[in-house]
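These come from Swiss-Prot:
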DNA_BIND  196-217  DNA-binding region
DNA_BIND  244-267  DNA-binding region
DOMAIN    179-277  domain 'HTH araC/xylS-type'
SITE      246  site 'Interaction with sigma-70'
């Protein structure tokens, strides 16, 4: 595999004193694998796509949040009306006396989890902050740099308050119905999920929820769950020695032959071929 593209500071920051900036992706197009000379926060507003981070695939949609380190390699593929924002920053340029490491996973090392979910309430809280931050980052004076860093501190603290682990059902009991559904789907990789039962439990209209989900994500509920399972299968095939039948079971497929058919249709190759190619590429 060739050396990935490196995104340079000089192409994204107005001057050497600027610590934070906003890079919109309206919408995000397919983007080849790359690393950076800076770090970034990625927040997805709507649509869907495949985000491959350090060789691990994630099917992303509304509310997905990533903390990307400079040395991380990632790419975007199979995008469908994917709207996201990148808040980019240079750790060495931050001047505020803030405990950045406690607010930004992986700030000092690779141990922090890169992938989180942000609640609908949290998305509403951070959107105006990002808008303000973007406005300040476009100004060419020192006070604007200082204001942008203050807003960045507010942003990362707000994200910490409202984020939750992708499959943690207890973290968003008071949150919007769509958040609950996406969390429930992420927690159903290895077992069946029945939307009708979910709607009975939440006392909501199944038809209305299906429509809301499709409007916000660009996918049906079943398609999204299938994509989550295929992404998990790709990870297991590359990083474990599990047999294909075992991978199928762990990804919610009782029939390994059916799993292979679905995998081939979604990925363009069989599970065995994927395992061989992904390991060779790594």
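Every residue gets a Cβ built from N, Cα and C, even glycine.
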Ordered by sequence, the long-range same-chain Cβ contacts of residue 246 (site 'Interaction with sigma-70') under 8 Å (at least 6 apart) are none
Mind checking which residues reach the DNA-binding region (196-217)? Cβ under 8 Å, same chain, six or more beyond either end. 46-48, 61-62, 177-178, 180-181, 184, 224
The answer for the DNA-binding region (244-267), taking Cβ pairs under 8 Å and residues 6+ beyond its ends, is 188-192, 225-227, 229-230, 232-234, 236-237, 274
Per-state residue totals over the DNA-binding region (196-217) - DSSP helix, strand, coil: 19 helix, 0 strand, 3 coil
Which numbers of helix, strand and coil residues does DSSP report for the DNA-binding region (244-267)? 19 helix, 0 strand, 5 coil
